[in-house]
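Positions annotated as domain 'Methyltransferase type 11' by TrEMBL: A:57-129. Among the features that TrEMBL reports, domain '18S rRNA (guanine(1575)-N(7))-methyltransferase Bud23 C-terminal' is placed at A:203-274. The region 'Disordered' annotation in TrEMBL covers A:254-278.
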Amino acid sequence: MSSGKRPEHLAPPEIFYNDTEARKYTSNSRMIDIQVQMTERAVELLCLPDDQPSLLLDLGCGSGLSGSVLEENGHVWVGMDISQAMLDVAVEREVEGDLLLSDLGQGVPFRAGMFDGAVSVSALQWLCNCDQKSHNPVKRLSKFFTLLYTSLSRCARAVFQFYPESPHQVELVTTQATKAGFYGGLIIDYPNSTKAKKYFLVLMTGQNMALPKALGTENQDDSTVKYGNSRMTYKQMRGKPLKKSRDWIIEKKERRKRQGKEVRENSKFTGRRRCGKF
Amino acid sequence: MLTSKCMKGVTQGYPLGIQAREVKVTESEFNIDFVSRVIPKLDYDTLWTAADGLGYSTDLPKTLVENYESNEDFLKKIHHVLLEIEVLEGDLICPETGRKFPITSGIPNMLLNEDEVKY
């Protein structure tokens, strides 16, 4: 993924993740680090109870790097992926989870209410692509989310880390997820950085709860530019000008000019007292 | 656990039949919490039939034991059947359509053809 091009544009996932690409996920330490970090963050966002082991679903598990993180946290997992080569690597690495060769867009083939949670690292964006003539991203996403919803237990969470290509894609994904019955939303970690910026889609079944806070946003209260209030306070401090004073007259003329009324030009005599000769 | 629900014309698609050609028994760590938590989610009859089909049902009771949370012996048996028996080569068969999902080196292939997908 180090090349500038997005892998989704190069080939469909079952072809892109061939033996050489799969090999990178065991030999390239940088790739491993990134995957592990993202999974750790995803597990954190899952908010699972600490003391009890849960049964998790890993969507797009690949070579099982994310699964290893789940194992470390004491959970049992089942992984799904479309690439045979990646799964072969997973078998070689002797991961503990069960593996399944399956296309996410064709649905999640499990019994209802089996899993306590689902994680997915860099897989969701593949579903937005149309690799075959029969593929319809909207239908595939909707199918995927509906079946995922049924296979999760109540009050479970699903966390997806993904690389959306455009705001349109984010909208597509979130709309389909909401239609399937999920609550939740998007969390963007480090929104001000180009490289560290990560999108996490946190979906919840059961009731709606507040989303956890994104990382890297602690220092700023808002995503907008802070509004400087200085001009306002200056005006308030000055207050309204004293009635019948020159300032008051000028302000009044200004106001009436704005209203489109006929107003004399200001001059040095504006608001000046007449001399007492009259 | 698996179903063929995604397929066209399949309403329940459960349980999938198992035809094993090669079975491996592995050792794995016994976690009492996990096993007792997973049992309510399972359909016990199905599990028993599956285990029976593989020939591992001898020491497994035919119905679910009451108070299984405290029965460590029973939990150990369930753990053995659930997590330590792995079908390496074989087929999963859909009960409604008879479609076979091949298992190779422990990975079931659930990929469907275009015409089998139900949207």
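Note that the numbers count up from 1, one per residue, in the order the chain is shown.
Note: Cβ is positioned from N, Cα and C throughout, glycine not excepted.
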Original post:
When DSSP states are grouped into helix, strand and coil, how many residues of the domain 'Methyltransferase type 11' (A:57-129) land in each?
Top reply: 24 helix, 21 strand, 28 coil
Subject >> Summary of DSSP states over the region 'Disordered' (A:254-278), given as helix, strand and coil counts >> reply: 5 helix, 0 strand, 20 coil
